[in-house]
Structures are given as C-alpha cells and as structure tokens.
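For His501, Asp559, Ser656, the entry in Swiss-Prot reads active site, charge relay system, with the evidence type similarity to another entry. Marked as Ca(2+) 2 binding site by Swiss-Prot on the basis of similarity to another entry: Asp141, Leu142, Glu144, Asn166, Tyr167, Gly170. Residues or ranges marked as domain 'CUB 1' by Swiss-Prot on the basis of sequence analysis: 17-140. Summarising the annotation, Swiss-Prot assigns domain 'EGF-like' to 141-189 and lists sequence analysis as the type of evidence. Annotated domain 'Sushi 1' per Swiss-Prot: 306-372, in sequence order, evidence recorded as sequence analysis.
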Amino acid sequence: MWLFALLVTLFYGVEGSIYLPQKLYGEVTSPLYPKPYPSDLETTTVITVPMGYRVKLVFWQFDVEPSEGCFYDYVKISADKQTLGRFCGQLDSPLGNPPGSKEFMSQGNKMLLTFHTDFSNEENGTIMFYKGFLAYYQAVDLDECASQPNSVEEGLQPRCQHLCHNYVGGYFCSCHPGYELQKDGQSCQAECSSELYTEPSGYVSSLEYPQPYPPDLRCNYSIRVERGLTVHLKFLDPFEIDDHQQVHCPYDQLQIYANGKNLGEFCGKQRPPDLDTSSNAVDLLFFTDESGDSRGWKLHYTTETIKCPQPKALDEFTIIQDPQPQYQFRDYFIVTCKQGYQLMEGNQALLSFTAVCQNDGTWHRAMPRCKIKNCGQPQSLSNGDFRYITTKGVTTYEASIQYHCHEPYYKMLTRAGSSESMRGIYTCTAQGIWKNEEEGEKMPRCLPVCGKPVNPVTQKERIIRGQPARPGNFPWQAFTTTHGRGGGALLGDRWILTAAHTIYPKHHNKENDNANPKMLVFLGHTNVEQIKKLGHHPVRRVIIHPDYRQDEPNNFEGDIALLELENSVTLGPELLPICLPDNETFYGQGLMGYVSGFGITEDKLAFDLRFVRLPVADSEACQRWLQTKKDTSPFSQNMFCSGDPAVQQDACQGDSGGVFAVRDRNRDIWVATGIVSWGIGCGEGYGFYTKVLNYVDWIKKEMGDEN
C-alpha cells in the first residue's frame, strides 16, 4: 500500500491543482486511468479556454466508488464560483449519483474538476477497484450580448451603452445614429454633426425620437443620392420642437437646405408640409439650446427619377422608335428615318442615333434631321451616255436614269435572259446607290459592234482590177508601217489582227531585228496622207502566234499576229471592227470575198485604199498550180487560197496583213475569214491566206475573250 501511494505521488506530483494548457478542446481523466485510481487523494483540475468562449464538459467513462451522498469518493464540478454537481457511482447505474450523459457548461472561460478519494475502497471486507473517469471538454462561443442572470464572475456582463454585437470569441459595441462610440469601446456620446444618408429612401430623426432630444445639439443630416434623382420629404407625427409664441424659433430650430437654397426654418408642434426639393442633395440642420423636453421630429424621404421633355421630330421623315409616355433619367430613345432618308446631325451623316436622358433633365444630344438620300452624279459610261427618266438633274432617292450606248457602233452587254425593259435602267436606292434590278451596282458596258459598216460595198459584178474604196466601205482597215507598208483589221476597239510576217518579215535577219520593232498603226481614213494626219495609235503589246517561223523563208504556217493598242479607239462611221468567223461555210469554193489595202497597184504605191473582189478557190487546184510553179511552200489546213489564174486580180505587196472579208448574209455582218499571207507575184494567179477560223480560240484567249 505504501509503495502504491508512492507511485501515485511520483505520477501526479503533490496533491493540489492541476492547470491544463489553454486549448479549444481536450480530455480529463482520473489518476492512472484506465487503471484503478489511488486512495486518499484530492486533486483539482483547472480547465481554461480562450476569452470569449465557455467550457462544455461531457463524461464518456465514469466508474467511481458509489456511496450515499457521494460521501467517500466523488467528482465535484465547479464554474463561475458555483458548484454544478457532486458525482459518484457508475454510468447507467442507480447507485450513487453518476453524471450520465449530461452536458456541463460554464458561463465564463474556466471550469474546475475536483477528484476526492478516501483511504480505502472496501465493500463487505473485499477490496474493490474502480477505474475512475474519462471526460472531454471543448470551447463553445460565449454570447456576451445575451442576458446572463446567473453570471457572477466579474467581467462577463457586457457594458455596451447602446448596441451589443456578438461574434465567435468576443463582442463589440456600437451607438445609435447621432452618437459616437467613445474610447472605452462601450459608452456613447451624442455626435450628429455629419450624418450622411445615401440610400434612395429612408428615415431621418432627431436623437432619441420619440423621446426628448438631448440639449446643446448642432446636428447636420445630409441626404446625398445619385444625380438624376430628386428628394421628397414627408414629416411624421409627432412633431415637437421648442418654440415661442411671439418670436419665431428662438430656442430650437430645424433648417432645411437644397441646392444651397433655404427651404425654411421649422419649430413648434405643426409638422412641415411635404417638400419636393427638386434636388439630389439636401441638408437638415438641427440646433437645440441647453434645456427643453420636446420629443423632436422624424421624416421619411423618398426619391423620384428626374424627367426629360418628350422628344419631338423635326420633320415628317423622322421616326422615333417605340415612343414612351414619359422619359426619366437614363431612359433613351432611338431615331431612324423613313426609307430613302439619311440621319443628319448638322452636316454629319449618322449610321444610327440614340439620345440619353441626363441627370439634369436634358437630352445629351439634340434631335437629328432626316435628309433624303442622294446617289450623286451617275458615273459616266464609256462609249455611252445616260438620260433622266425622272426629273432631270435630280439624283435623290427613287430617281431613275437609263444608260444607252452610242449606237450603231456600240451595244450594251447584258446578262443572258435579262429583261429588255430594264436594260440600262438604274434607280437611286434607299442605300444611296445607283442600282439596276438585274445587274445590281455593276455598271453596264458598251461593247463594239462588229461587221456593220455604215457604207458597205454593194458592187456585185466581178472586178477585173482593184478599185478605190469609198469612206465606210472597209472601216476596219488598218494601215501599218514596220518594215514597209502593211495592213490589218480592227477587232473590238483596241486590237489589230494582222500577219506575223509584216512584223517579222521572212527576208529579214531575225538577229538584226529589234526585240520590239517600231510599230505605227493608223486607222479611220481611206487616204494615206489623211490617215497619217489623224495620228498613229501606240502599240502596247505585240503577240505573234507560236507556230510562226521567221527563219523558214517558205513556211507561212501560223502567219498571224495581234497588236494590242495602248488605248481603246472611239468607233464611228469610218472606224468599226470586223467580226471573227464561227463556221466552215465561209470557206466554200466560189464564195466571194473582198480584200482591201494600201499596197502596190499597177506597179505603183497606192495613196488611197483600194479593194478587190475575189472568190474562194479550190484547195486542190491551188496545190496543183503551186506544183506547176515549182514552189515548195507548204499549203496546210491552216490556209486557204482565192483568185483565178485566168483573171489577173489579187492582193499584192503592201496588202499583207489585211483581211479577206466575207459578208454573212444571214446575220448581215462582215467576217474576217482570212489574212493576206503570201503568193507568187501580183495578180498572176492564186493568193494564199491564213485561215482565221482555225485561230479563233487563240485570238479570244489572247484578247481575254472581251470582244
């Protein structure tokens, strides 16, 4: 027994108080738990949690010698200078006074557990062993602001003079409006010199209302709401401010200001009328003297959004979208125009218009006007013109014009299937753009009319020798000078069809030729002297067919070339293009054609354009004739011949490059079926021509298929 007592002493130290470390939770046990506790012992365990918390204790195991009144062994729980209970026995046992599952709670942050045992644990002469107890504790938030009638521990009852606010682990104090918390953090003192209200509505009152207000006040209540709102004041009953029957408000008074203007000074028992301040900034100044017992005043303030004037259109074409019965601050309206009209702000065109009601009751933009859309002067049409269908010179919305080409020399290009009635008609649209119903914004094009001479050749009898051409007989005729005289024919309005050998002659050494020989092209007259006076047309590009071989003197295969002029020419009665062939019928034996040129006639240079009428000859006859002349020049499928050996008529030197022109009677157009290429002598037999039909695809490809 002595040794057991010694071990207890070594384990617990001396009897007395045991202070547990301050924590938010933990456990408490009897000495040596779960082994039997020693005899003749008394210890007090002190449980402490942080300030602002209470201690909650629950027993999980309890096995202490039972006795009536827990006289021998017991556990005593104390807190806040009060005993919460004295316990012994076993849990769930009727003997003694076990704590069961009861929760023990302190009011402060401290709790004491005193464990007492007597000198022995005997029952009917038998020594009994008891395990003791196991308990858990935890910190629980203390609501310092709640009523604590049983708390006697100093410092637990909060001393907030006005308002108390609890939080986990503590509390803080605050004051009623118009009072200021003092340095002690608990007491409040009247302070209303700068009270600010910013909500759109609320209540304002004197201090302690409806109880008498304090003396010696100098209060300033400021209402500041968002710009664009106006403040309305409505005073409530009761309204009591000390006054005097003979002198107006000599003691206490309430002054109201809005926008720096004094709206009145009020006192007595008659509440002021409702006030519309027309301002978003209102100040209420309340002054009191050192005495009085009036109950003061209270008001309810509300706000209303400021209004802007109703928008009004400046003209009949202006549309105000979704008009409202009234417009307030931040409301807006949108303006559009009737179709065909443009929004205008001063001289500036607008894509859209929105005006916003400002906080001063004005619109942030002035109302615009609607001006009729103007498409402007119609574009000029190359080789054409236009006329006004509607009022002349008017180019505004719904105005109409019609383009036309300079006929009969040009015709208008339109898409397939387009309506004849809408051809060239353009209307000024609501977008301010000239537009055709079928072509859209795309401008029409005037294309040259080919093969329609104004004064065509009408001679039907055979011509024995060439004769002078009259103006307009062969308006496609070109006069060229490169290595001497040559001819050509106008295609479209900026291309010349000619023979390649007029540019790169067979008898010239190619190495001595310039890469770009000087080409002079003349058009528009039948007289050499006059045609030169009209001036030459600069050549932008020379295109030789790839089959042409300059270095093979007797081979005229591919003897065809195109000259692209720098500028398009203006067509007229003496300057018109010729058409290209589209079928083999133009090459039937005996079909008559015309060859024109400024070449040699009767061994002399011609100064006037001359022409000759020739039949298409039989190819086999031409081949046999060449054999009789012992000429080895190739006569291929890309060539044809014309003339009659029995009749001395033919193209001659200087006519090269000119065309063999045939009239298509079905379409009443003239077609260039051949190009004067080569022959033997002048007027001594057949002449040989480049067959244009075989080169039409190449021609169109090089010209871009634009004519």
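The backbone N, Cα and C atoms fix where each Cβ goes, glycine too.
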Legend entry - Packing count at Gly170 (Ca(2+) 2 binding site) (other Cβ atoms within 10 Å of its Cβ): 14
Legend entry - Separation of alpha carbons, His501 (active site, charge relay system) and Gly170 (Ca(2+) 2 binding site) (Å): 115
Inset, instruction - Please report the number of other Cβ atoms within 10 Å of the Cβ of Tyr167 (Ca(2+) 2 binding site). - result: 12
Inset, instruction - Could you tell me which three-state DSSP class Glu144 (Ca(2+) 2 binding site) falls into? - result: coil
Legend entry - Neighbour-count leader, CB within 10 A, recorded positions: Asp141, Glu144, Asp559: Asp559
Inset, instruction - For the domain 'Sushi 1' (306-372), jot down how many residues DSSP puts in helix, in strand and in coil. - result: 0 helix, 32 strand, 35 coil
Inset, instruction - Give the sequence-ordered list of residues that share a chain with His501 (active site, charge relay system), lie 6 or more positions from it, and have CB atoms under 8 Å from its CB. - result: Tyr548, Gln550, Phe556, Asp559, Ser656, Ser677, Trp678
Inset, instruction - List, in sequence order, the residues of the same chain other than Asp141, Leu142, Glu144, Asn166, Tyr167, Gly170 whose Cβ lies within 8 Å of the centroid of the Cβ atoms of the recorded Ca(2+) 2 site. - result: Gly52, Asp143, Cys145, Val168, Gly169, Tyr171
Inset, instruction - Mind looking up the mean pLDDT for the domain 'EGF-like' (141-189) in the predicted model? - result: 74
